[in-house]
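Student: In case it's useful when we look at the structure, here is the feature table from Swiss-Prot:
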DOMAIN    105-227  domain 'MPN'
BINDING   HIS176, HIS178, ASP189  Zn(2+) binding site
MOTIF     176-189  motif 'JAMM motif'
Amino acid sequence: MSENIKINEIPSGERPREKLLFYGAQCLSNEELLAIILRTGNKDSNVVELSYRIIHSVGGLNGLFKASAKELMELKGVKEAKATQILAMCELYKRFKVSELTQIKISKPSDVAKLVLDELRMLRQEVLILINLDTKNKVISKKEIFKGGLNSSLVHPREIFKEAVKDSAASIIICHNHPSGDPTPSRDDINITTRLKECGKMMGIELLDHLIIGDNRFISLKEKDIL
């Protein structure tokens, strides 16, 4: 048996490349698209089977885009070459999304939610994201600032405003998730917001809003008159 089962060894009607050319990329499954990137399987599985195992081992596409080289290479059938192919693909997508951000203007909380809801709502730990805006409320950048249990003693305004100054932001919005799915603000959430609001006034970089993301829903502290 060949050490690496290639795409052209899969029955012609099941080959991802041929399906893409004939039907279009939108007709392929996630596993088939990844198979085209990886090109070969291994001695135990063809490339489509390997792609299926990779995607499902990391918890779907969201997990794939967050996986490190070490985590990928711990999967059966994934060595350095395939791990770097996956990481390069993910990085290209991330850069594309960043280039899209600069076209977005924020006028209401739902505009912000569109940027972060899918990313944050399914996470198992709290993550704080900073959105930097220019003088016209257009997005300059979106950055993950903190990961872990959020409380007012751990989230330091210095880390947030350092990134805002670096990007020449005129104003900022922060967002974080509640893994419980309930976006009701905690006392720590309110304390963090108050501290950042006061620091923003001193630095001339206004905190416009703080969004808390739950399970497919969100709360804006601005709309709740907490900010």
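Placement of Cβ uses the backbone N, Cα and C atoms for every residue, glycine included.
Are these features on the surface or tucked inside, and what are their neighbours?
Tutor: Here the Cβ of ASP189 (Zn(2+) binding site) has 22 other Cβ atoms within 10 Å, regardless of which shown protein chain they belong to.
Remote same-chain residues near the motif 'JAMM motif' (176-189) are listed as 120-121, 123-129, 146, 150-152, 210-215, 217-219, 221, 224, 226 (criterion: CB distance under 8 Å, separation of at least six residues from the stretch ends).
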Student: To see if you understand the setup: which same-chain residues, six or more apart in sequence, place their Cβ under 8 Å from that of HIS178 (Zn(2+) binding site)?
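Tutor: Non-local contacts for HIS178 (Zn(2+) binding site): GLU126, THR184, ILE212, ILE213, GLY214.
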Student: Can you tell me how many other Cβ atoms are located within 10 Å of the Cβ belonging to HIS176 (Zn(2+) binding site)?
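Tutor: Here the count is 24.
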Student: Which secondary structure state does DSSP assign to HIS178 (Zn(2+) binding site), in the simple three-class scheme?
Tutor: coil
